[in-house]
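One structure below.
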């Protein structure tokens, strides 16, 4: 590359640095607590899951988010060792497994922390261990387990065709009448329910209506009827 080419490259590199910097330092105004249905995750992935999935919704992640504009990502970069997680490991493997590769749970938790959790701010999210403890508290203690919420509404993972409103209304019953966000994936001739997201305020003190939903025409849009779960 000649000098002229290098001169033209400088603004591009600078712009990229600014973009990354802004993305990692911006604030957020709510949290998404996203849980994924294991069989649907395996069915929608190009590479088969290494182990049979459980018929459960387990944690995908807890994500600081914005109702308008981009969400913050990669605010810090820190590798977490398995020994640091210590006695939390047994609980995390149950509620937050790496569904695609169960030999790499710690790698999955690292990716979720670095991309999303690291952008949380104290006192809501103080550090990586507090992030993991917060997720355990939400899923187990505060009963934000989507599988249990659906089960209380008599919606079980039986491979039946469901109505979107029935699923949404069931989640509303468990979240003080706040609207969740659904993600579906078309698989051959059926549309499977892949994820359900519960939203909370930026302090994780109360549920809110999820601001964003997949629009009609999106590959992740859930139809009014004919959702497999």
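Each Cβ is built from the backbone N, Cα and C atoms, and glycine gets one as well.
Swiss-Prot has this to say about the protein:
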type     : residues                                : note
ACT_SITE : 60                                      : active site, proton donor
ACT_SITE : 112                                     : active site
ACT_SITE : 116                                     : active site, proton acceptor
BINDING  : 36, 60, 98, 99, 108, 111, 112, 115, 116 : RNA binding site
DISULFID : 42-49                                   : disulfide bond
DISULFID : 75-119                                  : disulfide bond
DISULFID : 184-222                                 : disulfide bond
DISULFID : 199-210                                 : disulfide bond
CARBOHYD : 77                                      : N-linked glycosylation site
CARBOHYD : 87                                      : N-linked glycosylation site
CARBOHYD : 145                                     : N-linked glycosylation site
CARBOHYD : 188                                     : N-linked glycosylation site
CARBOHYD : 188                                     : N-linked glycosylation site
CARBOHYD : 203                                     : N-linked glycosylation site
SIGNAL   : 1-27                                    : signal peptide
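Known features from Swiss-Prot, placed on the structure.
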residue: 42; record: disulfide bond; contacts (Cβ under 8 Å, 6+ apart): 48, 49, 53, 99, 100
residue: 60; record: active site, proton donor; contacts (Cβ under 8 Å, 6+ apart): 34, 35, 36, 112, 195
residue: 98; record: RNA binding site; contacts (Cβ under 8 Å, 6+ apart): 104, 105, 107, 108
residue: 116; record: active site, proton acceptor; contacts (Cβ under 8 Å, 6+ apart): 61, 62, 63, 64, 73
residue: 203; record: N-linked glycosylation site; contacts (Cβ under 8 Å, 6+ apart): 124
residue: 210; record: disulfide bond; contacts (Cβ under 8 Å, 6+ apart): 32, 178, 179, 180, 181, 197, 198, 199
Among 36, 145, the one of these recorded positions whose Cβ has the fewest neighbouring Cβ atoms within 10 Å: 145
Position of peak Cβ density within 10 Å, selected from the disulfide-bonded residues 49, 75, 184: 184
Rounded Cα-Cα span from residue 119 (disulfide bond) to residue 184 (disulfide bond), Å: 27
Max pairwise CA distance, angstrom, over record-listed RNA binders 36, 60, 98, 99, 108, 111, 112, 115, 116: 18
Those recorded positions listed as 77, 112, 188, and which of them has the most Cβ atoms within 10 Å of its own Cβ: 112
Residue 188 (N-linked glycosylation site) and residue 222 (disulfide bond), Cα-Cα, nearest whole angstrom: 15
Long-range Cβ environment of residue 87 (N-linked glycosylation site), under 8 Å and at least 6 residues apart: none
